[in-house]
Amino acid sequence: MYGGEFDGNAAFAGGGFMPSQATTQAPDSSNFKNREVRTLLPLTLKQLNSVSTNGESNFSIDGVDINTVAIVGRVTRMENRITQVDFVVDDGTGWVDCVRWCHERQETEEMEAVKLGMYVRLHGHLKSFQGKRSLNVFSIRPVVDFNEIVHHFIECMYVHKYNTKTRGGPIAQAAATPIPQMPYSTMSTPAKPYQTAPSNQFPNQFNDQMHSMMQTVLNYLNQPRHLASEGGVHYDVISRDLRIPPLQVKDALEMLSNDGCVYSTKDENCFKSTADA
Amino acid sequence: MDTSSPSAFVNGAFMRRYIGQKVRTVVQVIGSDVGSVVGKSTDDVQIVVRGSPPTPLTTYLEVIGIAESEKTIRAETLTNFGNSFDPANFNELCKLANGEFKHLFI
């Protein structure tokens with residue numbers, strides 16, 4: 001379930017390489033835009049209200065195209081019109097008109113489980129008609145574990161932070177997510193736990209120090225000028241710029257390389273981040 | 001679509017920022033009376049909620065209403081949040097929703 005809903009899709013917006021597109025003029029970007037990009041974004045209704053649009057049906061937020069949105073809120077109004085149900089969902093940051101078309105039994109049954117005043121999770125498409133925005137809902141279910149509400153908002157914050165940070169350069173770590181997150185900007189699917197277990201499970205005494213050093217070196221290599229440079233950066237240069245002893249930089253680079261975050265270019269001393277790949 | 005009357009996520013500490021405004025919080029129920037509930041916020045502040053709670057009450061109760069003072073809420077909506085709610089998570093959410101990510105909420 002996590003894999004299906006997770007905004008990793010949204011964050012990467014269809015390819016594994018979108019995050020770096022804003023920082024470079026990669027010729028690949030046109031290929032990705034031609035493919036149909038499907039995103040699922042968890043949003044607060046406040047965010048939904050502030051999406052930018054170019055034309056009636058092209059919405060985007062934080063630079064990511066919007067296809068499907070996930071909303072968690074409470075149903076404050078409901079009108080059943082047999083083939084469609086019009087209702088209003090309020091998530092505390094705003095409210096939105098929703099429509100659920102019920103042509104098939106399964107759809108009707110799904111809507112029957114939803115009652116006025118209930119917290120629900122819904123997925124739908126954002127529609128705009130004569131300036132009025134509404135949601136065309138195609139999936140809805142009642143919330144039974146209320147931790148889901150907290151989780152949804154935290155997820156909204158995470159996705160927002162991810163989408164806005166990747167635009168600027170270094171990937172920052174997620175704020176408060178209960179799920180252990182990959183510390184680096186790798187291309188592995190977020191649904192699976194981080195693949196290379198040995199290198200990720202640092203012995204406890206090294207964990208914080210080495211981990212933050214690797215993050216520092218990676219952030220350095222993720223800067224736009226280094227992402228753009230063909231030959232990469234020699235570890236002496238990194239060491240001098242970051243004022244970290246060269247041997248520690250070398251160790252950090254080796255571990256980052258094992259994790260697939262950097263690779264060596266001209267020789268085994270020059271490195272480049274894989275974020276631009 | 002409308003965002004003109006949002007309710008701010010608060011714990012005990014943030015209540016004072018929103019006096020007179022609509023807030024939402026989750027409290028752990030300590031006691032209930034006719035017309036009011038006494039609860040403990042997720043940061044251990046005692047909050048009095050004026051309103052009629054649902055019966056039966058679960059351990060956690062979500063309150064949406066107007067903050068009358070630092071420790072009182074006049075409730076508009078009360079929802080049972082069950083017995084397995086994680087208050088620490090909610091507490092962190094309050095901090096983030098009032099801090100770095102305030103623009104996503106209010």
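Just so you know, glycine gets a Cβ as well, placed from its N, Cα and C.
Taken through DSSP, the domain 'OB' (A:69-143) splits into 8 helix, 48 strand, 19 coil. Residues annotated as domain 'OB' in TrEMBL: A:69-143.
Mean pLDDT for the domain 'Replication protein A C-terminal' (A:160-269) in this predicted model: 69. Residues annotated as domain 'Replication protein A C-terminal' in TrEMBL: A:160-269.
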